[in-house]
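A quick write-up on the structure given underneath.
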Amino acid sequence: MERKNVESLFAHAGAINALVIGDLMLDQYLWGKAERISPEAPVQVVDVTREEIRIGGAGNVANNLVALGCRVSVASVVGGDENGTILLHAFSGKGIDVTGIVEDPSRTTSRKTRVLASNQQIVRIDRESRDEIGPDNERRIVDYLNAHGDRFNVILVSDYLKGVLTPTLLAEVIAFARKREIPVVVDPKGSDYAKYRGATVLTPNRKEAEAASGIAIRDDESLCRAGERLLETADLTALVITRSEEGMSLFLRGGQVVHIPTYAREVFDVTGAGDTVLAVLGMALAGGVGFADGARLANVAAGVAVGKVGTSTVSPAEIVGSLGFQHGEGDAKVKNLDVLAGIIAAEKAQGKRVVFTNGCFDLLHVGHVKYLQKARSFGDLLVLGLNSDASIRRLKGEKRPLIGQEERAHILAALDCIDYVVVFDEDTPLNLIETLRPAVLVKGGDYTLDGVVGREVVESYGGRVELVAFVDGRSTTNIIEKILKAYGEE
């Protein structure tokens, strides 16, 4: 899949309305140091230094979709307890529609507590209900689907065998979706895949595929037999088997098989990687992407996810950046404004502080680099607005720039301190600032606050302006004069 198509998918993610149905849970992480053995028993003692609560299970799928820029609704059942309240508040805070979540006082909201030291899990403690939700709760979810379901572009089913996804509810959801040609993407659990019959695509891992097919996967031949059996058992259009360090394999009706190698650079934790695969594949299908390209995109996202500890989300920037890593593209950071606006919106949804600066950057020198490094220190990512060739000619005369905009953008994108480069053709970056709405606007020390274009815009929504001093004696003009003095007569 070409990068421009991936960028277009993310740029239009806001048009995708996704419904996530499944088992919700809280993931609690206790981080600490394990440097002692207990005198009471031969076990490690963990001195807890930090605690964190994240949304897990189907909730992590929803969080991933939000991070990708989609509109998201969730249908599920939680207990009438503190953990259920935490989940509902967390979703609402992210703009996730919780109308389809049923509160049942007789149930316990799932909470998994993981104890970690040196980024490794030591023990996990579970508190949860595993009983089926019952006919009344099934009917309430189906009623929600009948009332609101026509607005969804895709339905993602996240099954953790905690009782929400009963055979009755699954049959109702799949029948509803098939009637309306809405794709249903399922992350399955258990060995009975007949309950998912009629879904569009399933995404089991290798161990799950073995259990469901009854075939031990030892080589490509046994893998293909397992895939074909599951396609038939569940009457699927497609099947994606994730294979850890071996990537994933896509099976389509008619015997077509596509093997996709992994792109994970380093694996810290596989927790939640399946949620990321489900979210990205579902988003891709909703956005009109085919199964093969959707699986490749999900594979890239999974490679990013396993490089993080615990349940986490993956941003469009990380996915596009990984595509650039795979393809060896040095200009993966260079975006047009439409694409960049979608990416930045998703980054902000994850709480990232965006810094913006702009300039010509003709003949890059150490003063530029130090300035950009300082600008990057004010936030989590730096966007550079780069004056186009035409813009520079209007500002500095027909002899400038010395280096064209494509080369300048490529050179600047190679700097670690720069996350994105966007070329603009106007005389000022005001349109960029109004569109991207950075938290911090940075300009050189030769400006006064009153002279900074976009200052009023940034300050109007609580942002700020930072002025950074230049390195004395370092400028493009000085370099040009030095070259002319040394070589002008030759």
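The first residue you see is number 1, and the count goes up from there.
The backbone N, Cα and C atoms fix where each Cβ goes, glycine too.
What Swiss-Prot says about this protein:
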- ASP275: active site (ACT_SITE)
- ASN205, ARG206, LYS207, GLU208: ATP binding site (BINDING)
- 1-330: region 'Ribokinase' (REGION)
- 356-490: region 'Cytidylyltransferase' (REGION)
Integer Cα-Cα distance in angstrom, GLU208 (ATP binding site) to ASP275 (active site): 15
How big is the Cα-to-Cα gap, in Å, between ARG206 (ATP binding site) and the residue listed as 'active site'? 15
Which is it, of ARG206, LYS207: the one of these binding-site residues whose Cβ has the most other Cβ atoms within 10 Å? ARG206
Using a 10 Å radius around each Cβ and counting other Cβ atoms from all shown chains, which of the recorded positions GLU208, ASP275 yields the largest count? ASP275
In three-state DSSP terms, the structure that LYS207 (ATP binding site) belongs to: helix
Model confidence over the region 'Ribokinase' (1-330), averaged pLDDT: 91
Sequence gap of 6 or more, C-beta under 8 Å: which same-chain residues meet both conditions with respect to ASN205 (ATP binding site)? ILE241, THR242, ARG243, SER244, GLY274
Roughly how many angstrom lie between the C-alpha atoms of LYS207 (ATP binding site) and ASP275 (active site)? 16
